[in-house]
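The structure under discussion appears below in the form of structure tokens.
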There are 2 protein chains.
Amino acid sequence: MRNLKLTIQYNGQNYCGWQKQPDSLGIQGTIEKAIYDITREEVKITGSGRTDAGVHALGQVANFKTSSNIPASKMPNALNAKLPKDISIIDCIEVDEDFHSRYSSKKKRYRYLIHNSPYRNPIYKDISYHVKYDLDFEKMCKEAKSLIGEYDFKGFMSSGSSVKDTIRTIYDITLTKEDGLIVMEVEGNGFLYNMVRIIAGTLVDIGRGRITKNLEEVIKSKNRGECGHTAPAHGLFLKKVDY
Amino acid sequence: MRNLKLTIQYNGQNYCGWQKQPDSLGIQGTIEKAIYDITREEVKITGSGRTDAGVHALGQVANFKTSSNIPASKMPNALNAKLPKDISIIDCIEVDEDFHSRYSSKKKRYRYLIHNSPYRNPIYKDISYHVKYDLDFEKMCKEAKSLIGEYDFKGFMSSGSSVKDTIRTIYDITLTKEDGLIVMEVEGNGFLYNMVRIIAGTLVDIGRGRITKNLEEVIKSKNRGECGHTAPAHGLFLKKVDY
């Protein structure tokens, strides 16, 4: 069996998330259906991680085993012809049989878009979090740097996760702003459930003055209640997974 | 009568353009209708220029005369409540009675988005020009610099324009690229009919190797046939108008 690695972009707006639900295929099931359409094989694809309902991807990774002999380089166009327009396969390569999209991943990079203006933006409305309040952008940038390093990010995890080891390393976080659009990018060795959205929400709450403690102290507290709100799903993009 | 200056954002996807058409309100008519809804006045708004069907705006400017006493600062929210979600008023100030959105403008800045990838992008598909061919981005950047200065841009004008004076000054043009998305921004004292879209199309043709002449020679030819194709409307944004 060949092991194929896909790189996938999607607009998550109309999906229940990566994972199949009883009444909905999800991104995963939609791609599995397209694979069936071209190979007649009922495969299971493994994603680098689940994305929640509404979350987008610029570089999600998934792999699957197949006995089809369609060349990897032909896969993106073949699959895209069967997929809805809000999902796009942008790369396919053959990998070692022991490659696993989730367990083999070394680094992930996420992007979060915040539209900071009293008024709605008709271009970015479906892919950014609209924050109407004035945000102190300089302060957000300064505080964000405290996230870089290896910490116990227990406070930055939504309840409902069964994960025990809550230590993660953040390698990089950047915030840029142009025309009211704040682009946050964060890279780490892994992220807890809702961690990026809680980071975004915490930085918004810091920028708004609702959190007055230093972010360093907030991290140290390991307390979900000390962190900010969970920013909405539709501002989040899984940008890149490194192996 | 007060003279009010509006700054407007819109997603042009579902509009016949700025201008009213016999069977369609256009952006202009849609805003005039919203003004009527809140003031009961049948005003005519004057835009800084018409945008074609499908073209977007991040900072279109328009002004109108009114005897309404609604404070300018309340106008954006009042109008946005009446406008469809793909149009947003992001600023309103009172200006001198002789201010004219079109004649008083000094500079305009446009953005053009090119998505350069063999595969479609589900996030940017409605707001960027999808170019599947490999583009030589370095060459495009280098050649683009030839546009800066005062030239007769006659070759960069679509037929059907009655404009006689085709001399324009371009102050700045920049191209940046990230993850396959090329962002072109160009600023000038004014632009001929379809000029920005022809500049974008010409740079794509240079990047693809379909135009082998230097852009300097192409400009000098003053010949529409020597320039590139007209890039599609849905990649174009009117970003800013300076007065």
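Just so it is clear, glycine is given a Cβ too, placed from its N, Cα and C backbone atoms.
In TrEMBL, annotation is done automatically, which means it is predicted and not curated.
Annotated domain 'Pseudouridine synthase I TruA alpha/beta' per TrEMBL: A:8-104 (among others), in sequence order. Residue counts for the domain 'Pseudouridine synthase I TruA alpha/beta' (A:8-104) under DSSP, helix first, then strand, then coil, are 28 helix, 29 strand, 40 coil.
Among the features that TrEMBL reports, active site, nucleophile is placed at A:Asp52.
Taken from TrEMBL, the feature substrate binding site applies to A:Tyr110. In the three-state DSSP scheme, A:Tyr110 (substrate binding site) falls into the strand class. Taking the Cβ of A:Tyr110 (substrate binding site) as centre and 10 Å as the limit, one finds 25 other Cβ atoms among all the protein chains shown.
What TrEMBL lists as domain 'Pseudouridine synthase I TruA alpha/beta' is A:144-243 (among others).
Per-residue confidence over the domain 'Pseudouridine synthase I TruA alpha/beta' (A:144-243) averages out at a pLDDT of 96.
Counting every protein chain shown, the Cβ of A:Asp52 (active site, nucleophile) has 17 other Cβ atoms within 10 Å.
Geometry remark: A:Asp52 (active site, nucleophile) versus A:Tyr110 (substrate binding site), CA distance 13 Å.
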